[in-house]
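The annotation substrate binding site is assigned in TrEMBL to Asp140. TrEMBL lists Asp242, His350 with the feature Mn(2+) binding site. Summarising the annotation, TrEMBL assigns disulfide bond to Cys182-Cys193, Cys264-Cys267, Cys315-Cys419.
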Amino acid sequence: MAANCKNPRPKAGAYRRFLSLVLVTLVGVLLLVVLLGTNSVSNFVSQSPNESSVKDLRPRYNYTDYRLIPNLPKQSELSIQLEKLNQLRPRNTDLYPKLAKNHITIVLYVHNRPQYLKVVVESLSKVVGISETLLIVSHDGYFEEMNKIVEGIKFCQVKQIFAPYSPHVFPDSFPGVSPNDCKDKDDAAKKHCVGKPDQYGNHRSPKIVSLKHHWWWMMNTVWDGLKETEGHTGHILFIEEDHFIFPNAYRNLQKLAALKPKLCPDCYAANLAPSDVNSRGENWDCLIAERMGNVGYSFNRTVWRKIHTKAREFCLFDEYNWDITMWATVYPSFGGPVYTLRGPKTSAVHFGKCGLHQGHGEKGVCIDNGAVNIAVEDVDKVVNINSKWEVRFSENQPGYKAGFKGWGGWGDERDRALCLKFAEMHHFTSTDSVLSSDD
């Protein structure tokens, strides 16, 4: 009788249990892959996060828990959610698994002007080399339409961060509007209200102070609070939601950053655009060193460390604009001219027609038909920086004269104290003391 060479058939019950186990395991793995790949912010915000999700979102480095820092405003539920969202990994890593070795991280800081943001995102999608780098979008508060636009970006790795102490996140308490806050030119003693006015007698406006708060929080977070930038030693480019970026911007900036140590060792930064926002450049055959502008500016960690040491100058100056604060008090404290290096033709354009947080809603639109009329020529699509050019220094630069005290809007001690805490939040340990407004 021939021997039976077939494998013995397993029992039917054991076989079914084995198949069930395999199927459950596969479903679990697929679900995990989907969740890690999407990192959908809107889905997360719609849920009520629990303690286990907090633990899972914390990175494996010196992450600062705001709850450990004394004298910070009590967080709202939304503020706590946003703090957790900031720990999510970048999206699109499945499409772009590796960043270029010499990449320049781009930070886009936004408020609530969705029509502007659409234009900026569209311009970024056409930038040569954009897929090589990481785009960090910093939100001043949480606005669903703004979030949806960012979640639709597919041309590079994207990480979103949200200012958890934005006034827009606190509808009925500081840093938002408190019920007993003084308003306009109220007399605090007569009205029995809370608040210290600025040098012109005006009390704080949360909508206005949020600009300076967001910029300072963003800078401290990007340089000192994110795992993604922890070891980044190169330049970081900062742009805003009303900056149109030309296709050659990234490659031009890489070249400027590489040339700066040799051609302009005293330059602190590299800019994509002239400091005069109305200028498109001189079209000279040379590079220009001038005052650092606020459109498409970039610098490295060494410069940030120098800026960070001037936290008191930044936070105590009665001026609600971050850029005027930098020009009027921080840069002058460096002890010499603060130059930035740029090309003779702009690679970025400021197109905003309204300031602050206007421009959203059907009646307050500040952009023509949801589009901008910016001509992009062939020269704007290729690198137009020549490494053989000399550098021309702008000697007589416009600026704020000695004695300028600011335009106000930043007189409340609570805003100043919060600003100082942002400078300390990523350097805090449980045994450290935190800067207060009366230090």
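Just so it is clear, glycine is given a Cβ too, placed from its N, Cα and C backbone atoms.
For Cys419 (disulfide bond), the count of additional Cβ atoms within 10 Å of its Cβ stands at 24 [all protein chains shown]. Highest Cβ count within 10 Å among the disulfide-bonded residues Cys182, Cys193, Cys264, Cys267, Cys315: Cys267.
Residues within less than 8 Å, Cβ to Cβ, of Asp242 (Mn(2+) binding site) and separated from it by at least 6 positions along the same chain comprise Arg113, Tyr116, Val120, His350, Phe351, Gly352. Highest local Cβ density among the binding-site residues Asp140, His350 belongs to Asp140, counted as other Cβ atoms within 10 Å over all protein chains shown. Checked against Cys267 (disulfide bond) by C-alpha proximity, the recorded positions Asp140, Cys182, Cys193, Cys315, Cys419 yield Cys315 as the nearest.
If you measure from the Cα atom of Asp140 (substrate binding site) to that of Cys419 (disulfide bond), you get 15 Å. Rounded to a whole number, the C-alpha distance linking Cys193 (disulfide bond) with Cys419 (disulfide bond) is 22 angstrom.
Cα-Cα distance from Cys182 (disulfide bond) to Cys419 (disulfide bond): 20 Å (rounded to the nearest whole number).
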